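Copied over from TrEMBL:
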TRANSMEM  51-71  transmembrane segment
TRANSMEM  118-140  transmembrane segment
TRANSMEM  147-165  transmembrane segment
TRANSMEM  177-195  transmembrane segment
TRANSMEM  202-220  transmembrane segment
TRANSMEM  240-271  transmembrane segment
TRANSMEM  278-298  transmembrane segment
TRANSMEM  333-357  transmembrane segment
TRANSMEM  364-384  transmembrane segment
TRANSMEM  404-423  transmembrane segment
TRANSMEM  444-464  transmembrane segment
């Protein structure tokens, strides 16, 4: 009996355990399902939270593609130099680094004075890095790689970071749209970055401009730290101050004159957002900086009348009409239908920044005034003469070349801020109809999306101005020229190649750089006494004038005693320099190039074109003819190589 009872209880317990198992298994599955759902929800939430970052990366990829496609149309730029008046200077700086190492980084100029070295250090670094892996790239390829990096990556990323400061308060899809658009808008204009390869070229200045948005973002964050009420306010201010100092140093190493563009873009934010004591401190610091800069310029460009602005830049001539200059400002240098779309977007952005910005009115006003000031500077640089225009544009060397690159920096953030205000605009209406409700909720969204799509599509696919800049670069990198008097032609390249073989690696060649001989340094690393068109006579540059005057004297003894001991900045300190004095050669290569006639002080090289002086020195034995190249380009002077009788 007891055994039956125990067996019955075991069976009952088994049923309970079984039924319990049947109940708990579905609960466990539900919990697992809930955890899976939570995990999925968390992933979606994380994706949405970072969606604007992915959108920005997509925009950066498109921007880089636009730059690469444009660059592919620039001709022989991978294997030949850009032939612009300032191009030999940049190639010389890089070759000086390659020959002498980092010890000359702060004395890159031929007179051993400072030139901002960051661009050239980057080219030097990438060439050395490639060499470590057994890859030999030319100096021209190195320049191209660094230019592509800052034009297609650094600048779009910087603009995206800077404009992100103005994108608070937007929903996810709105912020994604603007984040994707900003990098593309940053590179659609021919004004920047493409212009920097065509005019000058502005290689170092372009790098400084590409870094500028990072400094502007850091500056705005520093202002936030100054005005915020936080327990750790001092530490927060110090952190952003350090970041600002670092970007300031980078910009100075890239090109100090970009700092003036920084002041144009940040100045109104300082005036509108900071307390008075901070404004006064900033103005005091600016005053000291301007004074130091003025002293530096007066020391460098000695002998000029700096106290009378009407006498500054006396050779300046306007390059555009007033109407054309205004059109460039309002269209961001975009042509045709894309320029019209940009003008419409800019007008709407200005109105919305001033009328619809709400609590961020000061930011909107600062952006509008910065854009207006950039426009005034460009118009003065391109189309206006007079003392006021001289003062306003002096920091950018008076001409339109550099002010033109500023325009996208004024346009893009203003566009973004204006579109943000339009996104948040909800018009008041008393009507309760379906159409009025739809318009109130989605009307401004539709307008912004339509404008952005039309603008980016038109500017990306219909931009003949940008293509014209590419054609200009392609023309300036080829050797086949219809005008044989240009600074570098196929004949001149062949002659310079022969000269390089004849003089060897440890000789100095003296020639008028304006006939194209300065490209002997660019192409082959020849030690040219004048490797750039204007080596300057300050610091260690007195030798340039001394050589010119000694040669012009007609006195063989004075000429030899002056020129024979000369050691160039390029050769000084080089590891492969010979212990004995280098041989000195003199090269004549025709008249001064037709496309270099804008140089104000070209007369300083006229003695090297005086055939009577050559005849006297040849007769006295001071010069020995080594090679006669004929006269491939015509002109009054034969192309010949002479050796000075220094020993």
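Backbone N, Cα and C atoms are what each Cβ position is placed from, and that goes for glycine too.
Remember, it's a predicted structure, so these values are computed and weren't measured experimentally.
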Original post:
Are there 3 or more C-beta pairs under 8 Å linking the transmembrane segment (364-384) with the transmembrane segment (444-464), counting only pairs at least 6 apart in sequence?
Top reply: no
Original post:
Are the transmembrane segment (177-195) and the transmembrane segment (364-384) close, by which I mean at least 3 Cβ pairs under 8 Å that are 6+ residues apart in sequence?
Top reply: no
**OP:** For the transmembrane segment (364-384), find every same-chain residue at least 6 residues outside the stretch whose CB is under 8 Å from a CB in it, and list them.
**Re:** 264-265, 267-269, 271-273, 318-322, 324-326, 328-330, 350, 353-354, 357, 392-393, 396, 398-400, 402-404, 406-407, 409-411, 413-414, 417-418, 421
Original post:
Among 118-140, 202-220, 240-271, 333-357, 404-423, which stretch has the most Cβ pairs under 8 Å to the transmembrane segment (147-165)?
Top reply: 202-220
Original post:
Which bits of the chain, at least 6 residues beyond where the transmembrane segment (333-357) starts or stops, bring a Cβ under 8 A of a Cβ in it?
Top reply: 188-191, 327, 363-365, 367-368, 371, 404, 407, 411, 414-415, 417-419, 421-422, 424-425, 451-452, 454-455, 458-459, 462-465
**OP:** Go through the chain and flag residues at least 6 beyond the ends of the transmembrane segment (118-140) whose CB is under 8 A from any CB in it; none is fine as an answer.
**Re:** 77-81, 90-91, 93-95, 97-98, 102, 105, 108, 146, 203-204, 207-208, 250, 253-254
